[in-house]
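Here is the structure we will look at.
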Amino acid sequence: MTLTVFALAAIALLALIFGALLGFAAIRFKVEGDPLVDQIDAILPQTQCGQCGYPGCKPYAEAIANGDDINKCPPGGETTIRELSALMGVEAKPLDAAHGVEDVKKVAFIREDECIGCTKCIQACPVDAILGAAKQMHTILIDECTGCDLCVDPCPVDCIDMVPVEVDSSHWEWKFNKVPVGDIPIRQMS
């Protein structure tokens, strides 16, 4: 009995010592992030599409903070360029066409009855906005989809469409009944 109590006390003492050591190390060696990078990242659209030439919005924000051009983000468009120019104190430039052109906001839409469940779109999605499993139907979480278009090309059966998001100031809704799908009826969930 005393050996068990001694062992438990030793483990508790070691846990206390290591916890204090980790707490001290976390405070002592804390790495501060660049607040400018965080502000720039908050302005970027968070599509993680890579059209700017960087693997995501955070690396592009770091590049902008280090002096890269502010006009390489097609999903953000002119609005993002204006906000970045105001933040950075530089002149707004037109969108760099080498990285793409500004387009209306779109989200992906999977024609589910054509989906073969290959999971290639799931692997391509940078924000995990696609639900599905191997050899099962896939679907898009429309609230998570950023419209980056990276899921369209990997699809071997071409069952993914990019659908424009129509915004009305009095009533905001998704207009999935306007998807061009030919003779395939679209069932809407209510």
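Just so you know, glycine gets a Cβ as well, placed from its N, Cα and C.
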In TrEMBL, [4Fe-4S] cluster 2 binding by Cys115, Cys118, Cys121 extends, among Cys73, Cys148, Cys155, to Cys155
Cys145, Cys148, Cys151 show up in TrEMBL as binding [4Fe-4S] cluster 3; which entry in Cys57, Cys125 does that record put in the same site?
Cys125
Between Cys118, Cys121, which of the binding-site residues has its C-beta surrounded by the fewest other C-beta atoms within 10 Å?
Cys118
Near Cys145 ([4Fe-4S] cluster 3 binding site), which binding-site residues out of Cys49, Cys57, Cys73, Cys121, Cys155 have their CA within 10 Å?
none
What Cα-Cα separation, expressed in whole Å, is found between Cys52 ([4Fe-4S] cluster 1 binding site) and Cys121 ([4Fe-4S] cluster 2 binding site)?
21
Mind tallying the region 'Hydrophobic' (1-26) by DSSP state, helix then strand then coil?
25 helix, 0 strand, 1 coil
List the Cα distance (Å, whole number) between Cys115 ([4Fe-4S] cluster 2 binding site) and Cys151 ([4Fe-4S] cluster 3 binding site).
13
